[in-house]
């Protein structure tokens, strides 16, 4: 086992139901520690050392150790210090390591199965009836305490130890055993009512979707999207033939700009607009969100990265016919939609808001707690004009999180490049290099979107190439086209196969999208806000579309002037900006892993994504949480959101206060760090000014250069060359 000092120690491990016991010697006399497997996950870990390595870890980086030994030991034998949230173990050979991994994986799977079985039975077994009583009692305790609920609460490890090691050999004397038995009976009596009432609902739910009672829940009404435009693969769907009337509009527009200029403040003609908002456009990535559901369940980290890359590529083939640009969102504009997953009976919710107009920043949040993932990010849209072409740059990143694993996948986006504005055919392409990185696992992917070469053929349109790596080692190569087939070549096996191909069958099986019922939309929601412009564009009435677009933009300018005169700052409805990092965060984010025993259904109302729960539980708080007033009544069922009830029991107030204190402390530390950085920058500027002053002084004291002499030398050299050329011409005449 590798210690915190990066050196290896030879220890003796014993696998028992629910725990891994670590001893100093094979005699089981010198106990070192006990790992609680119910909170652990297991992965294979590459190593340069001989043998076979694997890693046991807590997905949320909490302690995996019990606080007492099997015989009540409070202090283990002295060895080198071991990590608190993980263990890296190396077996002597690959066969031994595989054997250990198989045994540990089986223990983890059987633990989950036994827990579910006990929940359905709804009763406790006699703890002393068999040798397996320790296993049963542990998961009886798991059921009572909801250890798999994903809440960030301290676990009572002493109770787990006492319940787990309750066999004949683990008690120091008879009196301890009798006292413990009496205490356990009183605990069972106290838990009897709650377990009996929960048994029916837990058994009926069975980790599946439960329809809420109509009176208990008020949620937004969503309707399935009726019309959707899917452009064909290849260059034909990305070109636009501009009429003579529209060409004159383009020339008028080009008189306002110059090469290298940012086009964010330039009013674009309506004939190039796609009749939907940019906030709506960003949702195109989630029609195949079921790939993320599969990735969340994937145990192998490499396969998990491949599924994430596959999902990422699935967001590009949906494109309008021709060269179209979505509306620039109005400040405060919002957009909501969702997708229903038939296989898991879950919902993926998408929430977006325009949080800044100058510069134009769009923030978004995606959540499917039941399937174990959420995604957040913000995009700063910039555009550059280059003469005959322009580029739309999406500056920012998205952060995909697998809730049960505590893994973040950070990804960037390509830029859109439009060429042929002045001459040639107007064509839209994607370009640039994007990265998908998971710091926790060490896996990363790099994908290059290639622009068509000047003399390229049709096959060179929309090309991509990429690599999937572990550290610096390349594991696989990707080649193909972002709007059609992509192949993958595994380095170890030299086998190539289709990685992703949006065939007609794939497109038919993609998730249906649902949008908010028009009557329930707010005035600043995209569809209602742009309805007049959209209607005019669909009717091919460019004049009316331009007028309606001008009305919206003028209203936005007027509102900005009024706020400036009053000295007011714009307040976002759904997102907050971190004062230290500058990142935008969804106000009502809930990143707890799904608890099938307590969580019933995830829903959305007025832009707030919430969870209907059977019993109120303490929330894992995040910075800048808004809380509900304490007057709300408390019942058997409730709603779990980042607005928890102030009357929650089980020490939720203490936990929330402690967590907020820790966050404030981290914020203060970051503030001090930022001020230190600013001080260093100011010192650097002072040093630069001193260096410039010294240079100017040295230059002024140096003797003047005879520029006339230098020019005379040049004239002499040119004269000699001319004479030499005349002589050569005379000789070879």
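The count begins at 1 with the first shown residue.
Using N, Cα and C of the backbone, Cβ positions are placed for all residues, glycine too.
Under the heading coiled coil, TrEMBL lists 670-697. What TrEMBL records for 165-207 is compositional bias 'Basic and acidic residues'. The annotation compositional bias 'Polar residues' is assigned in TrEMBL to 643-653. The domain 'PH' feature in TrEMBL is assigned to 1-109. Among the features that TrEMBL reports, region 'Disordered' is placed at 165-215, 625-653. Taken from TrEMBL, the feature transmembrane segment covers 712-732.
Outside the coiled coil (670-697), and at least 6 residues removed from its termini, the chain residues within Cβ reach (under 8 Å) are 580-581. Confidence for the coiled coil (670-697), expressed as mean pLDDT, is 79. Counting residues per DSSP class in helix, strand and coil order gives 19 helix, 35 strand, 55 coil for the domain 'PH' (1-109).
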